Amino acid sequence: MALTISDITCETSYTPLKHPFVTAQHTVKEIAAIGVTISLENGLVGHGAATANEVVTGDTLDSALVILREVFKPRLLGHDLNGWEFLLGQVHSAIKGNGPAKAACEIALYDLRAQLFQVPLYQYLGGFSSSVATDFTIGIGQPEAMVKEALEKQAAGFKSLKIKVGGTDISKEVDRIQKIAQATQKSTRLRIDANQAWNAKESLQLISQLSNLTDRIDFIEQPVKANDIRGLKHVTKNSVMPIMADESVFSAQDALNLLQQGACDYINIKLMKTGGLSQAEKINQLCELYGVNCMVGCMIESASGIAAATAFAAAHQNVKFADLDSVFMAAYTADDVPYALDHDSFILKEKPGLGF
């Protein structure tokens, strides 16, 4: 009975960003999250987090709360942590979609599992590394403001910058990127994220106009609509730069579809899209089979959500990139996060579980 789930609680939190974050899809001014705790009869407490994103996952904070309290809580209460497959099945079979709510439950369950084994979550998941370097994302703005922020983040120690683009005037988007490239050091890596802004023709037009930066750009992320797999494949086959899929991949089946077609060079795994760590594991394993590296990314997430994503990224050798910068966008202190921050890197602590 000691490992029986005795209580599940949910609490919302709102953490202001230092500056509004603008993409081709929306503007974010705060980290709106749900903190989930799952308690066992033996006193162990697991922590999870959900960040809803109407534009990407179709969820709101209110809808996620309802699912957590009215669907998942009654399904999990009273069950034993040793029934691991059963618990994960209860989460994923209960309802379609609702990735953030599922992710919050899974993160808390994995936190408990790692605590039970008395190891940090990153070790429980694979333990490849104890540190993760992230990029910093430059949101859409006036070119001068974007250059200024890029220089500030470079000076702060970020060795990779992700540049958000997505306007309909390709020449203006190229100009933004070229100006940032010219202003920053040649050693600073650049990553371009369009968030589904263009069609295949427009994407290749932009890529051709950035050909002078092929040695600096790591990838072009999700240039076409999520469901335009044909267009994504066309861009991938004709691009001089690697193409990463993001919004096109929510599930292992989505990943397999792209991998079988050779429709992308990299895949971005986000726990809020996949519905947690178990599905993220499946996607990464499929990518390994096909020789495709992954990035672990995030929504504008809380410290708890980033802790889980960072643990997953650190655990796996196949994860080549990390885009886990939301904690740097908010005024978190060292007491708020279960890891140390060193310039652009997360140094994971050796406390069991997530480290709270």
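The backbone N, Cα and C atoms fix where each Cβ goes, and this holds for glycine too.
Database features (TrEMBL):
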- 143-242: domain 'Mandelate racemase/muconate lactonizing enzyme C-terminal' (DOMAIN)
- LYS164: active site, proton acceptor (ACT_SITE)
- ASP193, GLU221, ASP246: Mg(2+) binding site (BINDING)
- LYS270: active site, proton acceptor (ACT_SITE)
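Annotated features, which come from TrEMBL, shown on the structure.
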residue : record                       : contacts (Cβ under 8 Å, 6+ apart)
LYS164  : active site, proton acceptor : VAL22, THR23, ALA24, THR137, ILE138, GLY139, ILE140, ASP193, ASN195
GLU221  : Mg(2+) binding site          : LYS162, ARG191, ILE192, ASP193, ALA194, ASN195, ILE243, MET244, ASP246, ASN268
LYS270  : active site, proton acceptor : ASP246, VAL296, GLY297, CYS298, MET299, ALA309
Summarise the domain 'Mandelate racemase/muconate lactonizing enzyme C-terminal' (143-242) as counts of helix, strand and coil residues per DSSP. 50 helix, 15 strand, 35 coil
Write out, in the order they occur in the sequence, the residues of the chain not among ASP193, GLU221, ASP246 that have a C-beta within 8 Å of the mean position of the C-beta atoms of the recorded Mg(2+) site. LYS162, ARG191, ILE192, ALA194, ASN195, PHE219, ILE220, GLN222, MET244, GLU247, ASN268, GLY297
So ASP246 (Mg(2+) binding site), by the Cβ count within 10 Å over all chains shown, scores 24
Average pLDDT across the domain 'Mandelate racemase/muconate lactonizing enzyme C-terminal' (143-242), rounded to a whole number: 97
Within 10 angstroms of the C-beta of ASP193 (Mg(2+) binding site), what count of other C-beta atoms is obtained when all protein chains are considered? 27
